[in-house]
């Protein structure tokens, strides 16, 4: 493998599991999507380079997520570990794909780099927002494999 | 608002997102294509639209766009597999006549010129290709135009002459014509602040409408050499100027815009799941400062992003739309 972009990343502590309230298990109660649920979906995504999750690398944090269930909108900002991280597009794509696969199709999902945290912020954001490019990327078996690696459950041992 | 859209019928059958709908020149057939790699041809039987043909096995990836030849005998299909297929229905059934290869990657759009002798394709490889259609149904590359600096999203021919428009991820629109034996870019239209997804000409071809990721529409007017306004025309070429910007109706990117040659109305389709229809209203200086008002804003027209909208070329007010939700809808514009 070639040299890593960021060989010694800072590792952060992970959040405790969400406490499930009794009303959340009650099927008769309409339960809107909230920020924590979106966070739980994406915090376990693997970093493409390190054997760590996006949460452990502080790439995704709960406070950078906005959800409006009534307006069908989910907005996620992520922070690449370093400003010239070459994996930023792949990380963004993985977050997008995870949410597209997990959420009901009524949701409009926007994934962006947190302002000021990457050199090619605008270019990466534009690419991630282009649904045609995302659709084409997901038909590319090599790229799809990389995304699926990020989304697979890592074997713990 | 003095109009409404009445849903005539929903056409189901595609098993993935539907990217494009295209009416045949006679208005009797509707072709559709999408992520399921198939083309469906819909026609009317009694009072309802039904799927008459299912064209498969020509492409290995998403079919992104379709274009009918002006005679209605041929259908061209652009695919993410980097090829464009040409279908003929001269025998009564659709048969794949040719597969055009040359683009390096995803072909995003295809368009047949009004004469039927030329075809244009565009791709993520940033190029626009012009193909000549020979008398014996062969297709030869006449030119490769690499003026855009990014992914080319859409190509559209002028309704009466061999002038081509293209728009791109580089936020611009380009126009091309044939000059002394080769094709060249003859104008660049700059104004949108993000990807331009779609362009169309009005009936007489003196105006262009464009729309894109900035969720706005722009109307461009051509000024020919010797124009009464006294606008300079370098190299004796017409100059196109943005004479109107329409915004505030869509909340997400506009993926498709279509200018009706029968009514003069403009329809748009957006990632906000809505369709809009605009009409021009009379003003003092309609040529240089036209005004458009919204005639219909159909919210939640589909359950997901709407990718394409198309006016029937014969039946006034009949509109087709298609969506990521896998469905096609046929609408009738009505006066309230």
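Even glycines carry a Cβ here, placed using N, Cα and C.
The predicted model assigns the repeat 'WD' (B:11-42) a mean pLDDT of 98. What TrEMBL lists as repeat 'WD' is B:11-42 (among others).
As annotated by TrEMBL, repeat 'WD' applies to B:56-93 (among others). Counting residues 6+ beyond its ends, the repeat 'WD' (B:56-93) has Cβ neighbours under 8 Å at 19-26, 31-35, 37-39, 99-101, 103-112, 114-116, 119, 121, 123, 137, 139, 154 in the same chain.
With DSSP states grouped into helix (H, G, I), strand (E, B) and coil, the repeat 'WD' (B:100-141) comes out at 0 helix, 22 strand, 20 coil. Annotated repeat 'WD' per TrEMBL: B:100-141 (among others), in sequence order.
Look at TrEMBL and you will find B:145-176 (among others) tagged as repeat 'WD'. A Cβ distance under 8 Å defines the sequence-distant neighbours of the repeat 'WD' (B:145-176), meaning residues of its chain 6+ beyond its ends; these are 65, 108-115, 118, 120-124, 126-130, 183-190, 192-201, 203-205, 208, 210, 212, 220, 240, 261.
Residues in the repeat 'WD' (B:189-221) partition by DSSP class (helix H, G, I; strand E, B; coil) as 0 helix, 19 strand, 14 coil. Per TrEMBL, repeat 'WD' is recorded for B:189-221 (among others).
Per TrEMBL, the feature repeat 'WD' maps to B:299-336 (among others). If you look at the repeat 'WD' (B:299-336), the same-chain residues 6 or more away from its ends with a CB under 8 A from one of its CBs are 1-12, 14-23, 25-28, 30, 32, 34, 42, 49, 252, 255-263, 265, 267-271, 273-275, 277.
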For the repeat 'WD' (B:56-93), the number of residues DSSP places in helix, strand and coil = 0 helix, 17 strand, 21 coil
